[in-house]
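Annotated features in TrEMBL:
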{"type": "DOMAIN", "residues": "B:31-215", "note": "domain 'tRNA(Ile)-lysidine/2-thiocytidine synthase N-terminal'"}
{"type": "BINDING", "residues": "B:Gly34, B:Ala35, B:Ser36, B:Asp40, B:Ile66, B:Gly144, B:Asp149", "note": "ATP binding site"}
{"type": "DOMAIN", "residues": "B:258-288", "note": "domain 'Cytoplasmic tRNA 2-thiolation protein 1 C-terminal'"}
{"type": "REGION", "residues": "B:296-328", "note": "region 'Disordered'"}
Amino acid sequence: MHLTLEFGGGLELLLEKSTKVHKVDVQPRDGEDKATMKGLLSWVKSNLVKERPEMFIKDDSVRPGVLVLINDCDWELCGGLDAELEDKDVVVFISTLHGG
Amino acid sequence: QICRECFYIVFEDEIHQTIVDNNLFKAGERVAIGASGGKDSTVLAYVLSELNKRHKYGLDLFLLSIDEGITGYRDDSLETVKRNELQYGLPLKIVSYKDLYDWTMDDIVKAIGLKNNCTFCGVFRRQALDRGAALLKVDKIVTGHNADDIAETVLLNILRGDIARLSRCTFITTGEDGPIPRCKPFKYTYEKEIVMYAYFKKLDYFSTECIYSPNAYRGFAREFIKDLERMRPRAILDIITSGENFRISTTTRMPEQGTCERCGYISSQKLCKACVLLDGLNRGLPKLGIGRTAKVGAGADGSGEQQGKRAERRNRSSLQGKHGNLDF
């Protein structure tokens, strides 16, 4: 499944070369027929985050203070961790944890 | 649930209501927007500018930026403010710690180490904003403090037993009896909304943590608030409501407001905190003004007060170094 992932608010610094936009190909985890946000998070943690993973993930979810948008919609309105992803979806992670 | 366009309308309208309900401005006022290039101040500049036109507040708006001299952080964010000046058409004034105090934050951290950095920076910045505002001859300062910030501050003051600050920290306007009042139009606006607004409107802002902040005590309050928000988002506004409704026991000793003997700035002690800290730096005594002897307010035990007075007498003897270009 092809997804576009965007990282903002300083999160891009945790990734290789600090790139903000990543086009990725993600498969559903074994035993599941659909990819969920939960699966995507652990995929991102294992494959994209190169340093300080605690700035991005806490326990099973994103660190509190990180906003998540799925196709420009707040993920809390789309099912949160259980939201199902489809091909060509755009997922945006924005950190709010910095000075204003 | 609301769509993007409705979100813009609701966001802007709620802020307009806050401004109107709390009489934050009067027509014809010159207003300086404390601008750091970060998310809150950028959105503040954008929205205030917009509302000023739309609802005809009649305000003369300026951008006021403080350069603390933090390499790799402030120099980058100032570039953002310079862009904001062009993008929003608001005149910009930059005031630096170097000019005012002859010490940059980088110099200060080298002298004092990585603890209590925010104490110095916060105290100096507060004065720097007032001095910059005086130079611009403005009537009022606005800052982008949001609901999350204020809730954090309430908690911080509880954790530290700082009753004096606890009694004031939820006021939407402060310093009305001082040289230049300042207000916080985002008092009831969630940090999350501000970031969403900036993202969808594609507003240009700088987003990196200050390199000295990881050791700040506020970080604990922030973590806690963020966890609370996840469980029950309303908690942030509710903490503010609690803070607004605190009443201080009549038997609590509260500091009296006066002016600094050296520079005339507002102060509850003989010397304002900035003069004390600066004196410490210039005399190679980085702990001056930090710690128990400087504590004021409820519960200050007798011995603490006496120590404080002794320290003051020592401080007053000979102030060295620059103490600012403007006397109040």
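Every residue, even glycine, has its Cβ placed from backbone N, Cα and C.
Annotated features taken from TrEMBL, shown on the structure.
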residue	record	DSSP (3 states)
B:Gly34	ATP binding site	strand
B:Asp40	ATP binding site	helix
B:Ile66	ATP binding site	strand
B:Gly144	ATP binding site	coil
B:Asp149	ATP binding site	helix
I'd like the per-state residue tally for the domain 'Cytoplasmic tRNA 2-thiolation protein 1 C-terminal' (B:258-288) from DSSP, helix first, then strand, then coil.
10 helix, 4 strand, 17 coil
Please give the ATP site's span as the largest CA-CA distance among B:Gly34, B:Ala35, B:Ser36, B:Asp40, B:Ile66, B:Gly144, B:Asp149, to the nearest whole angstrom.
19
Would you mind listing, in sequence order, any of the binding-site residues B:Gly34, B:Ala35, B:Ile66 that have a CB less than 8 A from a CB of chain A?
none
To see if you understand the setup: which same-chain residues, six or more apart in sequence, place their Cβ under 8 Å from that of B:Ala35 (ATP binding site)?
B:Ser41, B:Thr42, B:Leu44, B:Ala45, B:Leu63, B:Leu64, B:Ser65, B:Val81, B:Asn84, B:Leu92
Lowest local Cβ density among B:Asp40, B:Asp149, which the record lists as binding-site residues, within 10 Å:
B:Asp149
Summarise the model's confidence over the domain 'Cytoplasmic tRNA 2-thiolation protein 1 C-terminal' (B:258-288) as a mean pLDDT value.
89
